[in-house]
Amino acid sequence: MGPDVPLLNEYKQEFFWKRFPQTVLGGPRFKLGYSAPPYIYINQAILFLIPWLLGGAGTVLGEVKVLQDYYTAVFSGGLMLIAAFIIQLLNLYARKKTSTVERLQNQNTLTDEDEYDFNSCLGSETIKFVIPGKKFIANTIFHSLVAGVLCGLGTWYLLPYRLNLLYGNIGGTVMIFIFGWLTICIGEYSLIVNSATETATFHAQDTYEITALLRPAYIFAFIAVDLADRFIVTVPALQLANQVLHVVFLFLPFLWALGILPPLDALVLWGMEQTLEFVLGGSPMSSNLRVLILFIISAATTISAYFIPNSVGLVLFIAGLGFILSLDLTEMCIVLKHHLKRLSPFMKSTSPASLHWQLSWKEPTVYFVILLLILLEASLLHYFAYSAFSISSAQAIVSYCLIILLVSLWILKEMQGAYILGIIRNPFFQSDIRMLNDFMKKQSRLRKVAVARRILLTLVSPFAMVAYLSLDTSLYNLHSASVCIGFTRAYRTIWQNTENALFEMVIVSIVQLLVFNTSVWWNVSLDTGIRLLLIAFIRDRLCQLVSKLQFAITVLLTSWTEKKQRRKSSTSLITVNIIFFPFVLSFVILSAVLSSPLLALFTLPVFLVGFPRPVRSWPGAVGASACFCTDTVYYQQMVPGLVAALQSAFASGSLGLVTPGSHFLCRFQDRLIWLLVLERGYTYCCVNIKGLELQETSCHTAEARRVDEVFEMAFEQAESAGIFALNHHFGNIMTPCTVVPVRLYSDARNVLSGIIDSHENLRQFRDDFIKVLLWVLINSCYRNSKSHKSMDVDENEENMPAPSKTQAQTGSDPIAGNPDELKAAENIHEDFDEWSDDDIFEILPRTNKTGIRPIVAFTGDKLSIPGCVEMKHVDNSVEQDIAVDKLYSVVGFGFPAIDKGKQTLTEHFNMVPFNSSYSRFLRIPQDWIFVSLPQLKLNEMKQMFPRDWYEFIFTQLDFHHLNEKPSTVQDELSKDSCLQDQFIQGLSSIYFAFFGMENLVPSSAWLFRAYLGGMPWSVSLDWLTGRPELFQLALKAFRYTFKLMVDKSSLGQVEDFKELINYLEEYDNDWYIGLASDMEWQQAVLQEKPYLFSLGHDPNMGVYTGRVLTLQEQLVQIGKLNAEAVRGQWANLSWELLYATNDDEERYSIQAHPILLRNLTVQAADPPLGYPIYSSVPLHVPLY
């Protein structure tokens, strides 16, 4: 698609310009897509201005001194409450008056497109359109009460005399009064009439009608400041804030329309997350529940610290709890619960999931020892070694050590990655990764460096920082809120995020060393804990500012430099950005200060400030939804190995500074894995892993190719580029970091047309199929014998007398019995494939046939249908006799039965007189033999039967489970002619079901269809498919034979039976040979079968393809993404799909952008906006 594709198609543009004015005004629909009477617009205007009219009445009474200001507020609020209830009652009346089933308003596209037939100004349809009503009765009452309170407080907030006192300017008072009431009317309309669709949308569905409270909540926040200023008159800063906020109050409609102010649910989560991180010293969490629990516990810890009366007790309390709260307590409790379930006999035994932290007794022991050392160090240093800060004090000496540690850790970290600062090639990093063994050997030196870094980071640095804090004299200022907040946070951050805490403490130490003997506010007004808090906030916002500036510059430049991103408007947009650079920069700074995404509208250089939201960016539970498909299984298999590999990568520092909100992209062959860091603590990290689609679209392919180029330049072509080569893809949002070994499946596809089309291979295929099928049948019977040997043999069968020679000839097997009967049977099967053995007279009820039952064969001189053998079941003798009588009555024979009164001779299949007593353990089930097979085909199979191969198979089996000498058992079984005849019958039943009665040389197309299980229909095939177990064995043998044909063509012919056995045993043990669409294929992947093979056909090229998956350790490439670029594109996606509803399949924002990786970023978003095919639950990765 060209670069001039419309951002919104014609239909969506019209839709947008109807929706946006509604958003600005808070809900009134003054622009419709169809003709409407004027009173529709007049009614909405009246409802919109009702709060102003009622508030104006109270304002007049207050200004003329009839009522006091607070009575004025009560008066206006009461009127508004009555009006709100009247409006809602009108809606209820209209809904009851109509007989049609009413569907209440949903915030979706269809609601905006519904058409109404209006009859009158106050008709039912008019009322229902103008006043849609609430979903819940509780909301009807609650929203009306809120509307009344809002109108009353709004009247008080905008009283002219009060405004004149604030500003002392009549013109300013008039402006604020007019536009202030416009803001209140916009907020009231969503409460009493109809809420607007907000550009700031967090949840896709507004189930509980929270959106209606969004605008009133912000109005209440402004009014709260004014009320505080009214009752607290001694705070000049509060009065100044009130004056400023009255002016900002006028611009609330624009802030709502631009989506800068967050929805209430996002605001609460964002507020808790920011407070937990910067005030309480914690980390963003992987779920809303964890955020809430940790927020409450951390806040309780900080409050409790305020009441501790002793400084040593304070140090012990905040130092100990700071360490404990930084541990992964939730995951430890989950693992402990699993262990208790496994050990307790009264609880259901369940083993821990493979993705859970495999916790042993060592970790709690180490943590307990560390806790004791922390308490001992902190208390002793605070009690015995504290002193005022000076250049030579103990705290200053510790600060020097901290500086050395920070520099050392930074150097050791940069040595681990592919690039230094993401720009210069790291000379210590291995330049070529194509040979796994060589790469791992050469990386061993860096692994030793990583161990040293890990020790410094997890043990040395935290204890050094504990010493620094414990020596601070500010801890003696008991019952101080700043000390409790600052030092509780500081002791917690040491363990929660050691690298950031070390950097912040070094900055504070350097500043302290420079200004310790001066009287600047840094020294006088702030204690060490608050200094650390401020530095942490500044550090975080500066890092975000740099990332956002990089993202903005990339969007600006690529809108011109990338040919496919260049639009007709690109020049104008770039010019506007240059001219209004201060405003653009202020937008970037504002988004950094608010920690909100910088939204590039449609990924164009049109920058807006998105609303603040949690680090996870999405409201739903992590990993709760994904677009699952057959390819999902490959990500499920590789995730445990990838988590283990990430453990060492995170701990070594090769992935750079890992903080909550960091994004990484992993690449291996056609797989793209998206990593999001959710939380970070002491020796653990919580991540979410997403798998992107494997069926590559054109846009996906373009970006995946660029990803491959970036990784190849970093890991495969670095040697030719030079030791200190520059990163030529520095502007890309992805920076290559490292490679990690992961045990996963490599995917290889080969063209098999030359093999499957070979006439020699096709002729040999039938003989190989007989051998493979024979091996499969014998092994199946052998396994059954091992599983059933432990069971006692049926007593009746044990005590049964040996049959006579006559019985053996007539009853041992119906097919191998009387030759005359076989010839007669053969005559009726000359046109075998066109007959059915169903009950054509429908005398007996039809049942599902699960096997061949024992039959009654009528012998002697009797009349019957010529050439047929009459049979009947003996399961129910009475029913069968009636059935036989009915049969003769239908046919209409007139001769009397000469054998009437004689006992019917019954013969059972299990009375085969095997020559060996062990043959019964390996016999074929009788329902695996097609009794109607012509004798001619049996004779044909006897000629093709590989007797040497048959005997060789028995020599390879272990018969110790039969409690005899294996050699004796093997010899007896191989010489048992009855057993051999039975296997010949089984082979014939399957072979001719596959290849047909003609037994022609198969074609390549037939071979492909048969591999898929789509053989041409025949009676024998119908019989075979009616026995699922046998059919699966036959299909397995067929596929093994096909794989054998491929291996013989590529590796050479099979020299002897031993080699053939080795091939088949390898197929059986290490391979899954089938179809990639089979459920068994997915199970084999999850069970980690070493090899998988499938056959396919490319209709475009007209060739047959073979696909082989090989499980082995491979190197997965990992790159770090610009987190702000990802958040910005996700924010734009949310705006575009949830507000503009731009569901066009070819919309501009999912087109390929090789620099910003726009298509891949959209895929990685949570459904319904994105479409990852796999998304894991939060995975806890230990970092030790």
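Just so it is clear, glycine is given a Cβ too, placed from its N, Cα and C backbone atoms.
What Swiss-Prot records for 40-60 (among others) is transmembrane segment, and it gives sequence analysis as the kind of evidence. Residues 25-26, 28-30, 32, 67, 72-73, 75-76, 79-80, 83, 87, 118, 121, 126, 129-131, 147, 150-152, 154-155, 158-160, 181-182, 184-185, 188-189, 192-193 of the same chain sit 6 or more residues outside the transmembrane segment (40-60) yet have a Cβ under 8 Å from a Cβ within it.
If you look up Swiss-Prot, you'll see 73-93 (among others) marked as transmembrane segment, on the strength of sequence analysis.
Within the chain, the transmembrane segment (141-161) has long-range Cβ neighbours (under 8 A, six or more residues past its boundaries) at 51, 54-55, 58-59, 62-63, 69-70, 72-81, 84-85, 88, 134, 173, 176-177, 180-181, 184, 187-188, 191-192, 209, 212-213, 216, 219-220, 222-223, 226-227. Taken from Swiss-Prot, the feature transmembrane segment covers 141-161 (among others).
The transmembrane segment annotation in Swiss-Prot covers 166-186 (among others) and is backed by sequence analysis.
If you look up Swiss-Prot, you'll see 218-238 (among others) marked as transmembrane segment. Taking Cβ pairs closer than 8 Å, the transmembrane segment (218-238) reaches residues 150, 153-154, 156-157, 183-184, 187, 245-246, 248-249, 252, 256, 261 in its own chain, all 6 or more past its ends.
Positions annotated as transmembrane segment by Swiss-Prot, on the basis of sequence analysis: 244-264 (among others).
Among the features that Swiss-Prot reports, transmembrane segment is placed at 305-325 (among others). Within the chain, the transmembrane segment (305-325) has long-range Cβ neighbours (under 8 A, six or more residues past its boundaries) at 281-282, 294, 297-298, 370-371, 374-375, 378-379, 382-383, 466, 469-470, 475-476, 478-479, 481, 484, 487-488, 491-496, 682.
Sequence annotations record features per position, and here Swiss-Prot assigns transmembrane segment to 366-386 (among others).
Here the transmembrane segment (391-411) has long-range neighbours at 381, 385, 453, 456-457, 460-461, 464-465, 467-468, 471-472, 499, 502-503, 505-506, 509-510, 512-513, 516, 653, meaning same-chain residues at least 6 beyond its ends whose C-beta is under 8 angstroms from one of its own. Per Swiss-Prot, the feature transmembrane segment maps to 391-411 (among others); the stated evidence is sequence analysis.
Summarising the annotation, Swiss-Prot assigns transmembrane segment to 455-475 (among others) and lists sequence analysis as the type of evidence. Through the fold, the transmembrane segment (455-475) approaches residues 311, 314-315, 319, 373-374, 377-379, 381-382, 385-389, 393-395, 398-399, 401-402, 405, 408-409, 412, 483, 486-487, 490-491, 494-495, 498-499, 501-502, 505, 509, 527-529, 653, 682-683, 1183-1184 of its own chain, all at least 6 residues removed from its boundaries and within a Cβ separation under 8 Å.
Annotation source Swiss-Prot lists transmembrane segment at 502-522 (among others), citing sequence analysis.
Proximity of Asn523 (N-linked glycosylation site) to non-local residues of its own chain (separation of 6 or more, Cβ distance below 8 Å) is seen for Val515, Phe516, given in sequence order. Positions annotated as N-linked glycosylation site by Swiss-Prot: Asn523 (among others).
The annotation transmembrane segment is assigned in Swiss-Prot to 573-593 (among others) on the grounds of sequence analysis. Under 8 Å from some Cβ of the transmembrane segment (573-593) lie the Cβ atoms of residues 541-542, 544-545, 548-549, 552, 556, 559-560, 604-610, all in the same chain and six or more residues away from its ends.
Annotation comment: Swiss-Prot describes 788-820 as region 'Disordered'.
Annotated N-linked glycosylation site per Swiss-Prot: Asn848 (among others), in sequence order.
Summarising the annotation, Swiss-Prot assigns N-linked glycosylation site to Asn915 (among others) and lists sequence analysis as the type of evidence.
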How about the transmembrane segment (244-264) and the transmembrane segment (166-186): do they have 3 or more C-beta pairs under 8 A, pairs 6 or more apart in sequence?
-> yes
Only counting partners 6 or more residues apart, tell me which same-chain residues put their Cβ under 8 Å from the Cβ of Asn1159 (N-linked glycosylation site).
-> Thr697, Cys699, His700, Ala702, Glu703, Ile1150, Gln1151, Ala1152, His1153
Conformational class of Asn523 (N-linked glycosylation site) under the three-state DSSP mapping | helix
Sorted by position, what residues of the same chain at least six away from Asn1132 (N-linked glycosylation site) have a C-beta under 8 A from it?
-> Leu599, Ala600, Leu601, Phe602, Thr603, Ser1149
